[in-house]
Amino acid sequence: MLETKDPAIKLFGMKIPFPTVLEVADEEEEKNQNKTLTDQSEKDKTLKKPTKILPCPRCNSMETKFCYYNNYNVNQPRHFCKACQRYWTSGGTMRSVPIGAGRRKNKNNSPTSHYHHVTISETNGPVLSFSLGDDQKVSSNRFGNQKLVARIENNDERSNNNTSNGLNCFPGVSWPYTWNPAFYPVYPYWSMPVLSSPVSSSPTSTLGKHSRDEDETVKQKQRNGSVLVPKTLRIDDPNEAAKSSIWTTLGIKNEVMFNGFGSKKEVKLSNKEETETSLVLCANPAALSRSINFHEQM
């Protein structure tokens, strides 16, 4: 038979047990303690779970149920009302958000608040109404205030006045923007009248063909009037250029040549000639300064 050895060491007449036996005993004790703790926690949870059905604080209906604990706190159980589709916590405030609403939004940021000025027409109403009377009736039905109706009538009158003054606008109810004509004109078709744009014309002007006599009288008036025509001067022949009448308009005699830029020896002329050349140079200050510089260099 096999002999069972003692799991201990004998040293100097004393038995020293192995440490493995002690570790197994400690692990068994820890497991037992953990089991007792988990059992106690489960008992506490089952005891604190609300079994009583609480009425909804909003609609006072009893169709409520317990959902979960808020933030894993046993003192804040979260309930749900099936009637009004709202959540609330016992001891907290009620959330006014239905299921699937997602993130809460401000009332002012709702898309309907931006379009309060848009009026929606009633259903099953007339599809086409071209007369002004029908439009005024519809507007009076929509707006209960008489001041608004008066404003609409005034706008209609203004729109009619604008169309008579020449602005292209749609007839009927007043539009917020005037209708401008297209940039490119419409090409006329066969047997199709084309409306021409209003042109300011004098009352005496007549449409149609004009006689040639009127054109001749206009040409004679233009000839008799004081119209300056520039004269061309031929420079091929210096004698003809000297005899032309342009020199007289400038105040220079035809007999004497223009000596504005002459040398010092030729400048010594009579006083009359000096005054004439000085007048010409004074008329052109740039030429005067150039002539002075030229004389200084000489």
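Cβ atoms here come from the backbone N, Cα and C positions, even for glycine.
The Zn(2+) binding site annotation in Swiss-Prot covers CYS56, CYS59, CYS81, CYS84. Cβ neighbours within 10 Å of CYS59 (Zn(2+) binding site), excluding its own Cβ and spanning all shown chains: 12.
Annotation comment: Swiss-Prot describes 210-219 as compositional bias 'Basic and acidic residues'.
Taken from Swiss-Prot, the feature region 'Disordered' applies to 27-46 (among others).
Under the heading region 'Disordered', Swiss-Prot lists 200-231 (among others).
Model confidence over the zinc finger (54-108) is summarised by a mean pLDDT of 75. Taken from Swiss-Prot, the feature zinc finger applies to 54-108.
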Of CYS56, CYS81, which of the binding-site residues has the most Cβ neighbours inside 10 Å? CYS81
